[in-house]
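Annotated topological domain 'Cytoplasmic' per Swiss-Prot: 1-6, in sequence order, evidence recorded as sequence analysis. Look at Swiss-Prot and you will find 7-27 tagged as transmembrane segment, backed by sequence analysis. The annotation topological domain 'Lumenal' is assigned in Swiss-Prot to 28-598 on the grounds of sequence analysis. The feature N-linked glycosylation site is assigned by Swiss-Prot to ASN50, ASN461, ASN486, with sequence analysis given as support. The disulfide bond annotation in Swiss-Prot covers CYS142-CYS373, CYS364-CYS443, CYS478-CYS494, CYS526-CYS541, CYS568-CYS586. The region 'Catalytic subdomain A' annotation in Swiss-Prot covers 151-262. What Swiss-Prot records for ASP246, HIS248, HIS378 is Mn(2+) binding site. Annotation source Swiss-Prot lists region 'Catalytic subdomain B' at 319-381. Summarising the annotation, Swiss-Prot assigns domain 'Ricin B-type lectin' to 465-594.
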Amino acid sequence: MASLRRVKVLLVLNLIAVAGFVIFLAKCRPIAVRSGDAFHEIRPRAEVANLSAHSASPIQDAVLKRLSLLEDIVYRQLNGLSKSLGLIEGYGGRGKGGLPATLSPSEEEKAKGPHEKYGYNSYLSEKISLDRSIPDYRPTKCKELKYSKELPQISIIFIFVNEALSVILRSVHSAVNHTPTHLLKEIILVDDNSDEEELKAPLEEYVHKRYPGLVKVVRNQKREGLIRARIEGWKAATGQVTGFFDAHVEFTAGWAEPVLSRIQENRKRVILPSIDNIKQDNFEVQRYENSAHGYSWELWCMYISPPKDWWDAGDPSLPIRTPAMIGCSFVVNRKFFGEIGLLDPGMDVYGGENIELGIKVWLCGGSMEVLPCSRVAHIERKKKPYNSNIGFYTKRNALRVAEVWMDDYKSHVYIAWNLPLENPGIDIGDVSERKALRKSLKCKNFQWYLDHVYPEMRRYNNTIAYGELRNNKAKDVCLDQGPLENHTAILYPCHGWGPQLARYTKEGFLHLGALGTTTLLPDTRCLVDNSKSRLPQLLDCDKVKSSLYKRWNFIQNGAIMNKGTGRCLEVENRGLAGIDLILRSCTGQRWAIKNPIK
């Protein structure tokens, strides 16, 4: 606190001195501005000293030198805060401009442990400035656009749990450096009950001294998970707009104005900055192509191609309609976010909340878009802090989304996870409040969403049974798609994951493998009897010339017989050599599929 008081005293005294110089200068040397004269632009701190060499007046020269000295004193005082933490400020050094940073051989050895711990090279991060510059990957047109100065203020919310301190602080510095002062209401750091000591008093002392009055720290008393931690951040926010970000991002210049402008035009828009990648091993910033954000029927998020109308417009600066969001960053009007029920607090940890928000926003009167004119770089960690059993939480959360929002299409989520529609064995909690929310908001149905927002999503309404498929002569093995390049179905010890997801349809097709996602990506393949081979083929259904060769007669606990050849899918026991899946004349073997749909 003493050092901060000294800085404040220095500021006041020097400002008084500078004001005196300016008044004296104005009285003694009045300057008439002639027609056509241009005012000088305000220059960065580093350029101020250079101006004194061209000054026409010794008094002006003294003023400029004193201003430069004042800035240097303040900068050195503040920079001392980061040095006490072993960190670096300033715009140069390793990784400048988003280039890959490197370590010496001896440093690389020291970096291995922290790298494994955090899922990124935290040791290297400490050698990179908190203020480093990164590339501006915005489309050229974006840099020419002008925005109103009367935009709403934003509260930037970072969520962290056991992150490296340098990475958190670089996120904060980047937000401050690249968000106009009059638009940045506050920064809120939500600590989801971290264990690391450096994230307690050292973090709090640094941000309060470095950015007094700007940064709030909210601490959860127990580990809540990303979803509920974001809700806590929203509760603490006072800005008209709230931006939610992972605490391992860096912002590009000009990121905020286009986002806030779009929300000012329509408060029901949820805006996603375009995402670039920060490589977790060397912190190089890589440009990602403009994309929309979609998902699979398991509700795993993914990048998808922008819709056709965006491509047809031929303008890469235009907003991109998106069905959902990846989840590492989104910006929304604070009140509107509350009106639509925030994120689902009944979900655990994370996974699915990003899909739920996209569906809910579209069905309940809003929209969601990716903005190429706003770019944020994000570290994709190879290890995540909530890793323990994250698959279970994602599955549970996905079922909550399905039950509340997907109407008849909820079956697709159960199929994708290979779970029975009734009694799936997972307690998803009470969803009555979320269903009541949907009703009170008078939201559209999920069919409308698929038709108008996510028409690329594949649909599987023709499914009449799904799950593991077992033969009565070999009950410990299941039908499996085997290596993709072999195009041949096999038998494999049962595990119930995607390669063993069999799906029998009304048309008599027998599909094998995880559900497809969008129509632009390959679909699940069909089991085929080509009449020549003893081995059942797995082929693209649309490329099989004879419809009969891909159609099968099958009833539960009965034979699986091809309609074109009359041969049956059976198993052949070869003793020590194992069990083969073959096609041959029917011998009465029976098959059972796990989940018939009633």
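Cβ atoms here come from the backbone N, Cα and C positions, even for glycine.
Owing to the predicted nature of the structure, the values given are computational and were not obtained by experimental measurement.
Positions of the features from Swiss-Prot, shown on the structure.
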| residue | record | Cβ contacts under 8 Å, 6 or more apart |
| --- | --- | --- |
| CYS142 | disulfide bond | GLY254, PRO258, SER317, PRO372, CYS373 |
| ASP246 | Mn(2+) binding site | PHE158, ILE159, CYS328, SER329, HIS378, ILE379 |
| HIS248 | Mn(2+) binding site | TYR120, GLU163, VAL167, ILE168, SER171, ILE278, HIS378, ILE379, ARG381 |
| CYS364 | disulfide bond | ILE340, ARG438, LEU441, LYS442, CYS443, LYS444 |
| ASN461 | N-linked glycosylation site | ASP408, TYR409 |
| CYS494 | disulfide bond | GLU468, ARG470, ASP476, VAL477, CYS478, GLN500 |
| CYS526 | disulfide bond | PHE509, LEU510, HIS511, LEU512, LEU538, LEU539, ASP540, CYS541, VAL544, LYS550 |
| CYS568 | disulfide bond | ALA559, ILE560, MET561, ASN562, LEU583, ARG584, SER585, CYS586, THR587, GLN589 |
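In sequence order, SER171, PHE245, ALA247, VAL249, ILE278, CYS328, SER329, ILE379, GLU380, ARG381 are the same-chain residues whose CB sits within 8 A of the CB centroid of ASP246, HIS248, HIS378, the residues recorded for Mn(2+) being left out. Across the region 'Catalytic subdomain B' (319-381), the prediction's mean pLDDT works out to 97. Neighbour density at the Cβ, taken as the number of other Cβ atoms within 10 Å, is lowest among the disulfide-bonded residues CYS373, CYS443, CYS478, CYS541 for CYS541. Under DSSP, ASN461 (N-linked glycosylation site) is assigned to coil, being neither helix nor strand in the three-state scheme. According to DSSP, CYS364 (disulfide bond) sits in a coil region rather than a helix or strand. With all protein chains in the displayed structure included, the most crowded Cβ environment within 10 Å among the recorded positions HIS378, ASN486, CYS586 is that of HIS378.
According to its DSSP assignment, CYS142 (disulfide bond) is helical.
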